[in-house]
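Notes for the one structure printed next.
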């Protein structure tokens, strides 16, 4: 099976601290994957590397059918190539309306001149309305996104990601700060999304990961410790050691 | 959703209306076309103020909307002035030299005329040859093109270097200050080819309009400045109204996030930086013929800081705020420093406004920043608020009288 994203032998060091150590990871075109690991395991750094925010010291990151290297591309180019990222804390543009936020994210030409002369067509407005409805913000289109609740902002951000139509979604702790009902909604949405694209979820919350019911990758000290179903990895003695802190070293 | 640009932005129409009424009013009160209530020098001051408003508009676009605090935009303004000044000075000197040489027995050759012009213009700096930068000074269309090209290319090169290395915030501001200072120091040198600290002078005499009095010319320039301000306002309002405006405000608020949406933040910054440099240059090209003189002191770092102060006091992030700030503060400034403001005698000390105006301006700037971050433009929100109070949030019920979300909580 050909892979959508293939990370191999990647290492990165910050001031002598090895955040990622010879990490290899790959994901197929329509797959849901959860990444778990204790604090400092390198989960966020891994996302930074894939999205171009951090450059690794060594290793390869290959993307898509043509196995393009992501390492020589800027953040914006990687995003345009089809990698979407959702941050841990909701980052929406609070000063602008929900509709503006979605319109900005909508897949379209991204160059300054193209954007300057771009004007929304009826299809764009209906797509924005559709996306807003999908994430439960259908009646909040004209509101400033700064007025939304924490959960609603998370939703708006997911809506913006959908508007980008990415092939790979990197989602950082989507359930943090959400109510139970919101979590269930999030789970359903992520599972649904993974039918048509690759979704990588970084999560602390085991209960949430269990609900996603997908393959799990455990990171520890910057490399993959175990991979498999959640039951499989939680039976792994090394994983138990790391999570419960009974390290023998 | 299909409403036109002006219908979506009623403030643009109101602004253009007020600007036209102002222009009409000044024309009626002018010496040349009306009841001679306003002196020619005051009309020139008003015309210059309109140019400063246009520069403030550019500053608001780059600072208020894109969040880039450039403290070098007056360099582009002055460069625009230099470019038009070169033609004005050359063409006028050419006329004088030709008249002088026509008394000779033999008709003057082109070379003699050229030498005469060079000696006239550069006598003050002890040179007698036209420097290379004056190559196009004989041609108005070429020199007008340079008004746009020279500042535009400088901004493009500077911006490309700065934004590509992701210099942001206060470091970028310092860099722009360094740019304008370096340019000023360069122009102060006699061998920069622009007459060193003498600058270019006599710019108020428009070649070919010898028979027209300054009374009329001042009104013509006021019209031109008002027209440029109106067009600039329309352009900037259009730029910030659509998705482009959305993107640059997003860059101001969180540029990393914009990158992950797939927009090349650097490209947008460079575009806005260059566009605003060109707007400032056009404003400068209209300003200096009214001022009559330009010298390198116009590029001093403080000039660009004033520009930022005007925009901050007027209210950044809204276009009419920038215009109000520039107009109000620069007019007040010329009133206070012109010695017309009455001194205040405190008994033990007399406050002489020529000395104290800068302190007053500084204090107002601090006060505005601390207590009214929206500036004078914020007053319009207050007025708006009196008519339809900001009720925070969407209606909870279908009726007009229904509580709004935050009210319900309170």
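In case you wondered, yes, glycine gets a Cβ from its N, Cα and C as well.
Feature annotation from TrEMBL assigns region 'Disordered' to B:390-410.
The transmembrane segment annotation in TrEMBL covers B:12-38 (among others). Beyond the transmembrane segment (B:12-38), the same-chain residues lying 6 or more positions past its ends with a Cβ under 8 Å from any Cβ of the stretch are 5-6, 46, 213, 215-216, 218-219, 222-223, 226, 229-230, 233-234, 237, 319-320, 323.
Within the chain carrying the transmembrane segment (B:50-68), a Cβ under 8 angstroms from the stretch's Cβ atoms is held by residues 74, 77, 168, 172, 222, 225-226, 228-229, 232-233, 236, 239-240, 245, 248-249, 251-253, 268-269, 272-273, 275-277, 279-280, 282-284, 286-287, 290, 307-308, 310-311, 314, 316-319, 321-323, 325-327, 330, all 6 or more beyond its ends. Summarising the annotation, TrEMBL assigns transmembrane segment to B:50-68 (among others).
Within the same chain, residues 55, 117, 121, 133-134, 137-140, 143-144, 146-147, 150-151, 154-155, 179-180, 183-184, 187, 194, 199-203, 205-208, 276-278, 280-285, 287-289, 291, 294, 298-299, 303-304, 306-307 sit at least 6 positions outside the transmembrane segment (B:74-91) and bring their C-beta atoms closer than 8 Å to a C-beta of that stretch. Among the features that TrEMBL reports, transmembrane segment is placed at B:74-91 (among others).
According to TrEMBL, the feature transmembrane segment maps to B:143-163 (among others). Within its own chain, the transmembrane segment (B:143-163) is flanked in space by residues 75-76, 79-80, 83-84, 86-87, 136-137, 172, 175-176, 179, 265-266, 269-270, 273-274, 276-278, 280-282, 285, which lie at least six positions past its ends and keep a Cβ under 8 Å from the stretch.
Residues or ranges marked as transmembrane segment by TrEMBL: B:170-188 (among others).
The feature transmembrane segment is assigned by TrEMBL to B:217-240 (among others).
Annotation comment: TrEMBL describes B:267-287 (among others) as transmembrane segment. The list of residues near the transmembrane segment (B:267-287) in space but at least 6 beyond its ends in sequence, with Cβ under 8 angstroms from a Cβ of it, reads 47-48, 51-52, 54-55, 57-59, 61-62, 65-66, 68, 70, 73-74, 76-81, 83-84, 144, 147-148, 150-152, 154-156, 158-160, 163, 221, 224-225, 228, 232, 235-236, 239, 247-248, 251.
For B:293-312 (among others), the entry in TrEMBL reads transmembrane segment.
Residues or ranges marked as transmembrane segment by TrEMBL: B:319-336 (among others). Sequence-remote contacts of a segment are chain residues at least 6 beyond its ends whose Cβ falls under 8 Å from one of its Cβ atoms, and for the transmembrane segment (B:319-336) they are 11, 15, 45, 49, 52-53, 55-57, 59-60, 64, 229, 233, 236-237, 240, 306-307, 309-313, 353-354, 357, 360-361, 374-377, 380.
Tertiary proximity for the transmembrane segment (B:356-383) is limited to same-chain residues at least six positions away from its ends with a CB under 8 Å from its CB atoms, namely 309, 312-316, 318, 320-321, 324-325, 328-329, 333, 336-337, 341, 390. Positions annotated as transmembrane segment by TrEMBL: B:356-383 (among others).
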